[in-house]
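Student: Pasting in a structure now, in structure tokens, and then I'll have a few things to ask.
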Amino acid sequence: MTEKRAVILLSGGLDSATVVAMAKAEGYSCYTMSFDYGQRHRAELNAAARVAHDLGVVEHKVIGLNLDGIGGSALTDSSIDVPEAPGEGIPVTYVPARNTVFLSLALGWAEVLEARDIFIGVNAVDYSGYPDCRPEFVEAFERMANLATKAGVEGQGFRIQAPLQNMSKAQIVQAGMARGVDYSLTVSCYQADDDGRACGKCDSCRLRADGFKAAGIEDPTRYF
């Protein structure tokens with residue numbers, strides 16, 4: 001039987017941890033990729049390593065990037081405050097072209113591994129309004145992936161899988177719990193402290209808390 005491999009973007013948060021569990025349940029050998037890109041804290045990278053170990057991935061890779069050299073986001077520029085109240089439009093926590101960059105590197109690793117599937121935990125229901133989380137973006141990237149790679153041109157097509165795309169945060173939590181995700185290992189907060197404790201005020205914290213509440217499941221998040 002041929003091994004079914006997948007590269008999965010793993011941030012260390014709730015959504016990406018759920019995606020790893022979903023891919024594993026579908027019989028994939030999971031290769032996870034995280035990025036040290038100049039974000040506000042390293043707690044999410046520590047969380048990603050914990051999740052990768054707990055879910056038994058084949059290999060977990062951390063890639064260094066200097067997106068803080070570009071700036072333009074509250075997540076990569078410490079002079080921009082993380083908003084603690086809902087606002088209009090695309091928030092300042094949007095990191096310019098982040099998912100495009102991350103998926104491009106995942107695509108490269110997938111080609112090396114001869115993996116045909118790349119998973120990403122984007123969501124367009126309970127989300128912050130980022131343009132690179134929409135179905136149109138995922139579909140467009142998949143088309144590009146199959147035009148821009150040796151494997152794609154030779155007919156070994158790639159699939160960009162976004163299984164959470166149309167799920168509510170409550171549904172995501174329920175799906176993860178059903179597949180054995182330990183959410184106490186994850187960190188979602190935009191401004192978590194070094195110990196991984198959350199602020200409870202940012203948009204990501206609100207979405208996470210609302211998801212657990214709507215799912216009727218106890219939230220294991222620790223706050224500072």
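Cβ from N, Cα, C; glycine included.
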Student: Which of Cys133, Cys189 shares the Zn(2+) site with Cys199, Cys202, Cys205 per Swiss-Prot?
Tutor: Cys189
Student: Measuring Cα to Cα, tell me the gap between Cys189 (Zn(2+) binding site) and Thr18 (ATP binding site) in whole angstrom.
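Tutor: Roughly 16 Å, rounded to the nearest whole number.
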Student: Taking the center of the Cβ atoms of Leu10, Ser11, Gly12, Gly13, Leu14, Asp15, Ser16, Ala17, Thr18, Val19, Val20 at the recorded ATP site, which other residues in this chain have a Cβ no more than 8 Å from that point?
Tutor: Ala48, Val51, Gly121, Thr186
Student: Ser16, Thr18: which of these binding-site residues has the highest Cβ count within 10 Å of its own Cβ?
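Tutor: It comes out as Thr18.
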